[in-house]
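The structure appears below as structure tokens.
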Amino acid sequence: MWGWRGLLFWAVLVTATLCTARPAPTLPEQAQPWGVPVEVESLLVHPGDLLQLRCRLRDDVQSINWLRDGVQLAESNRTRITGEEVEVRDSIPADSGLYACVTNSPSGSDTTYFSVNVSDALPSSEDDDDDDDSSSEEKETDNTKPNRRPVAPYWTSPEKMEKKLHAVPAAKTVKFKCPSSGTPSPTLRWLKNGKEFKPDHRIGGYKVRYATWSIIMDSVVPSDKGNYTCIVENEYGSINHTYQLDVVERSPHRPILQAGLPANKTVALGSNVEFMCKVYSDPQPHIQWLKHIEVNGSKIGPDNLPYDQILKTAGVNTTDKEMEVLHLRNVSFEDAGEYTCLAGNSIGLSHHSAWLTVLEALEERPAVMTSPLYLEIIIYCTGAFLISCMVGSVIIYKMKSGTKKSDFHSQMAVHKLAKSIPLRRQVTVSADSSASMNSGVLLVRPSRLSSSGTPMLAGVSEYELPEDPRWELPRDRLVLGKPLGEGCFGQVVLAEAIGLDKDKPNRVTKVAVKMLKSDATEKDLSDLISEMEMMKMIGKHKNIINLLGACTQDGPLYVIVEYASKGNLREYLQARRPPGLEYCYNPSHNPEEQLSSKDLVSCAYQVARGMEYLASKKCIHRDLAARNVLVTEDNVMKIADFGLARDIHHIDYYKKTTNGRLPVKWMAPEALFDRIYTHQSDVWSFGVLLWEIFTLGGSPNPGVPVEELFKLLKEGHRMDKPSNCTNELYMMMRDCWNAVPSQRPTFKQLVEDLDRIVALTSNQEYLDLSMPLDQDSPSFPDTRSSTCSSGEDSVFSHEPFPEEPCLPRHPTQLANGGLNRR
């Protein structure tokens, strides 16, 4: 009996030993789960939940193996394996994968598959087709399960958030996403530039889709630029992510091709040729390369269009950089001919052509001067010549600049004024002031420019000015108010002047007062005096900013001028764009009245009248633009900053010999390239101002680099007709932009033409701005503002004028009102 039991004991022991020593079974190739499984059980588990997997077993199972993604599953502090069951505590997204339970028995092996996804994210990351109703609903997550543990917020798809800078064209839709999760379900809020972002902070608002952790902004505009931060938080933590948005303005032009490209080529037979075509365009251009060919001996077809062969066209994955270059390999005589780069967009087409000439290959001849000795001699001679030229140029420049230097104490305060006012220290004045007034040099009376209550200007010594009874206003009759702005050396404040009109000594008038800043220099003081004296000399006119008075005695210099309550013309027009098409930076602002065509023509007419008067006084403005035209409470146009112009009483042009900061988008070619300023160059600027008026404050040639603008002007490029401008007015602009200055109209002729057009234009002829101005006209305002006389627009030459003063503009104070003919 005991022998039988002993034998049975040893049999069981041997069997158990063999089973234990058997190596872990591997899946047969045909049963590998990484092929196409027959049956897979899918499980979605939330982070922090308990993951339980149970394998179905047969009665005769001898061994069980667990694998995840083809790798043996091992136990850990969170993972427990008990035969046919696997438990994973506090599951995390890294626990996701394809689990396999492999069982072995005498009858064969069997595999059970489990597809596990540990995530709170939705099955699809896209929400393009989500209902808009989801924008007001919080993301619903089952956080009430008893086995859920608290989890701080975390990103569920960080790889989709790697792109932080998003540059998009205006009018596009922008969507930012911050897919995340946590327990309990976290909240989502958005900041713009570090401050709370609310729907009423932008025109059109925005949508937040909590189900997909996203924010959507339709029809973005330049004011939407900034940093957008999503903050995801619950009681156990907080995370944030910042996106940067840059909105690019659209250029209302057909493609612009760089001058001189493609260039003509002359090559030898068998050479390689490369044609280059540089294209500037927004919207996206379509580029093609064509070769002109002959058909039956003719280059022109029956439709009067040239025969051509398409050599290269843009594909789905072809970039603009690739399309801008045409490569020809191993050219033959048949390759000679005319090649054209054709670029088009939704606005129009542009093309440039070049010729390829193929010559016989030249026989190589031994070079005569290729030895190192000859090359060394050439290099030394060339270097010596260049150095000599540089030294000579410096010497000549020094000699010329030395002869042109003038002492500050004797410089004139205005340009060739009838009476000059030199600034002097400690001057002696004759007892008979009238004698000195008639002597041709007006001496300065002892009167400090700094009062006892105001510190002396940092860069200005103690100077004295004469009192002019015609313009002098006692300081106690001037009440200074709030600042209106400041510029390069001065500032402007709103003030109330009492008794400007001698006949009404108690009448209070709102005025603007120009004064120096505390860090002004002697040069700045001279410029302010120069402007004041120029305004005295020019006199008064309804359509210019007039001098009203000055405070020159016993304190700082105050220059009192007319106050224009509605700001400059550019901002005035932008504020009155029709609803839905303007891009106003004040979301609460809505225009109350739409401008008519007659209003716009009246603007141009009044500016032309003001310029006609300045021209009659032999003054050249040099910086005529909508930003330098101010609008009064009664909608009267007044030209500003003409006091900075040069007097040309004895010569009919003004040539600037030193480089400076120039408003190149408004400048005539002769002023831009030769620094020659005339009344005709002001007429060119008036043409650009007309274009600004009929685009309601648009920015000329936006986004065009300075060097490209130079080339475009030399090639005869002119801006296109605004959408709501008549052909007659556009032809007036083109006449103002004539390349030959003498062929441009005079301001007198412009006044006569505009007077006639105003009379013929109906008051009810309102602008139809329902056309797509966001693509075809500059209805996007230039966000940059000007504080200097030359302005701060997108195309400028960036060296400051050494002798051009720079006073601030009046800030815009928007008010509605139609324009009447003045």
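We count from 1, first residue shown onward.
Note that Cβ sites are derived from N, Cα and C of the backbone, with glycine treated the same way.
Taken from Swiss-Prot as is:
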ACT_SITE  Asp623  active site, proton acceptor
COMPBIAS  125-135  compositional bias 'Acidic residues'
COMPBIAS  136-145  compositional bias 'Basic and acidic residues'
COMPBIAS  776-792  compositional bias 'Polar residues'
DOMAIN    158-246  domain 'Ig-like C2-type 2'
CARBOHYD  Asn77  N-linked glycosylation site
CARBOHYD  Asn117  N-linked glycosylation site
CARBOHYD  Asn227  N-linked glycosylation site
CARBOHYD  Asn240  N-linked glycosylation site
CARBOHYD  Asn264  N-linked glycosylation site
CARBOHYD  Asn296  N-linked glycosylation site
CARBOHYD  Asn317  N-linked glycosylation site
CARBOHYD  Asn330  N-linked glycosylation site
TOPO_DOM  398-822  topological domain 'Cytoplasmic'
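Secondary structure of the domain 'Ig-like C2-type 2' (158-246) per DSSP, as helix, strand and coil residue counts: 13 helix, 47 strand, 29 coil. Annotation for the glycosylation sites Asn117, Asn264, Asn296, Asn330: lowest Cβ count within 10 Å of the residue's own Cβ, Asn296.
Other Cβ atoms within 10 Å of the Cβ of Asn227 (N-linked glycosylation site), summed over all protein chains shown, number 13.
Looking at Asn117 (N-linked glycosylation site) and Asn77 (N-linked glycosylation site), their Cα atoms lie 20 Å from each other. Take the Cα of Asn330 (N-linked glycosylation site) and measure to each of the recorded positions Asn77, Asn240, Asp623: the nearest one is Asp623. When the Cα atoms are compared, Asn227 (N-linked glycosylation site) and Asn296 (N-linked glycosylation site) turn out to be 63 Å apart.
Ranking the glycosylation sites Asn77, Asn240, Asn264, Asn296 by Cα distance from the residue listed as 'active site, proton acceptor' puts Asn264 first. All protein chains considered, the CB of Asn240 (N-linked glycosylation site) has 13 other CB atoms within 10 Å.
It is 26 Å from the Cα atom of Asn296 (N-linked glycosylation site) to that of Asn264 (N-linked glycosylation site). Note: the CA-CA distance between Asn264 (N-linked glycosylation site) and Asn317 (N-linked glycosylation site) rounds to 29 Å. Asn77 (N-linked glycosylation site) is surrounded by 7 other CB atoms, counting those within 10 A of its CB over all protein chains shown.
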